[in-house]
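Heads up, the thing below is written out as structure tokens.
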Amino acid sequence: MANLIDNTARSAASDARAARHPEKQKRADTPVLRKPDWIRVKAPLGKTFSETQKIVKDGGLVTVCEEAGCPNIGECWEQKHATFMILGDTCTRACSFCNVKTGLPAAVDTDEPRRVAEAVAQMGLNHVVITSVDRDDLDDGGAQHFVDVIEAIRAATPSTTIEILTPDFLRKPGAAEAVIDARPDVFNHNLETVPRLYLSIRPGARYFHSLRLLERVKDRDPAQFTKSGIMVGLGESKEEVMQVMDDMRSAGIDFLTIGQYLQPTRKHAAVDRFVHPDEFKAYETIARAKGFLMVSATPLTRSSHHAGDDFAKLRAAREQMMARG
């Protein structure tokens, strides 16, 4: 086993050269907590990992696995699972928790839907997760591109189930509806944190707008599964987490994910504490009691981790619920 790759150890000179986060360079370094023993992952090695890496590279594609520094990349890529990040590698937002590059994005690549669909077919995916950067520069926030990708995958591999993890489409009238009408199997949009921390952690977003986005999915297509997640370890209280759960259930959200926040670099928000695995188990118990069909709550839980297996469980849970009447 190997510890997580620690990007926080990079020097200031290295950060400046990389310039992934130009808006963060003037921020003071934040303290870095030593990771506990329970946060351990396998090093990304093996033939299948390399094969997945080659498919992504040859297709000129971007994955959130790489861009966000996901700790589960070794496990997922060894199983030929990858989360494709469309609409480029540059985000128009500057959330203090996120490792994705920020700045002025390039023009939309209209050939990307074809290449994503081709990669899905090459990898033999039964379930695929598609996410994107925020594209506040586009009139529709990138909604039509999501639709194009969904349609391309359905044309190439009709049996593949599709999960999308979308931006909030803030101030983009009709954008969310266009994506909902493309009928992905799972519509995911992460609330990320509790309302009190939005200004410091997710300053470009609005908590109740994000919540309403997920509610609109259910209003427009009640059969569509909805999913959302939060990070813990940012300074939230247990009571605040439980209130978020209640808000999500009021919006009809089916699937909740809760994972430990991990600090990408010293210029990002600091970890307030590492939440013990027993606390995650308690959160899972509480969430299930509140009526979520599916809950994943562990230190290394991420939105797309085990997404295919979880989708099968989610669908089975709904069928059981309907059978009970």
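Cβ atoms are placed via backbone N, Cα and C, with glycine included.
Note that the structure is predicted; figures quoted are calculated from it, not measured.
What Swiss-Prot lists as [4Fe-4S] cluster 1 binding site is Cys65, Cys70, Cys76, Ser304. Taken from Swiss-Prot, the feature [4Fe-4S] cluster 2 binding site covers Cys91, Cys95, Cys98, and the record attributes it to sequence analysis. What Swiss-Prot records for 17-31 is compositional bias 'Basic and acidic residues'. Residues or ranges marked as domain 'Radical SAM core' in Swiss-Prot (evidence: sequence analysis): 77-293. Annotated region 'Disordered' per Swiss-Prot: 1-31, in sequence order.
Cys65 ([4Fe-4S] cluster 1 binding site) counts 27 other C-beta atoms within 10 Å of its own C-beta, drawing on all protein chains shown. Spatially close to Cys70 ([4Fe-4S] cluster 1 binding site) yet at least six residues away along the chain are Val64, Cys76, Arg302, judged by Cβ distances under 8 angstroms. Rounded to a whole value, the Cα-Cα separation of Cys65 ([4Fe-4S] cluster 1 binding site) and Cys95 ([4Fe-4S] cluster 2 binding site) is 17 Å. Counting in whole angstrom, Cys91 ([4Fe-4S] cluster 2 binding site) lies 19 from Ser304 ([4Fe-4S] cluster 1 binding site) by their C-alpha atoms.
Cβ atoms within 8 Å of the centroid of the Cβ atoms of Cys91, Cys95, Cys98 (the [4Fe-4S] cluster 2 site) belong to the same-chain residues Arg93, Ala94, Phe97, Asn99, Val100, Thr102, Val133, Asp134, site residues excluded. The 10 Å shell around the Cβ of Cys76 ([4Fe-4S] cluster 1 binding site) contains 23 further Cβ atoms across the protein chains shown. Counting every protein chain shown, the Cβ of Cys95 ([4Fe-4S] cluster 2 binding site) has 21 other Cβ atoms within 10 Å. The two recorded residues, Cys98 ([4Fe-4S] cluster 2 binding site) and Ser304 ([4Fe-4S] cluster 1 binding site), show a Cα separation of 16 Å. Classification of Cys65 ([4Fe-4S] cluster 1 binding site) by DSSP places it within a helix. There are 23 other CB atoms within 10 A of the CB of Cys91 ([4Fe-4S] cluster 2 binding site), with all protein chains counted.
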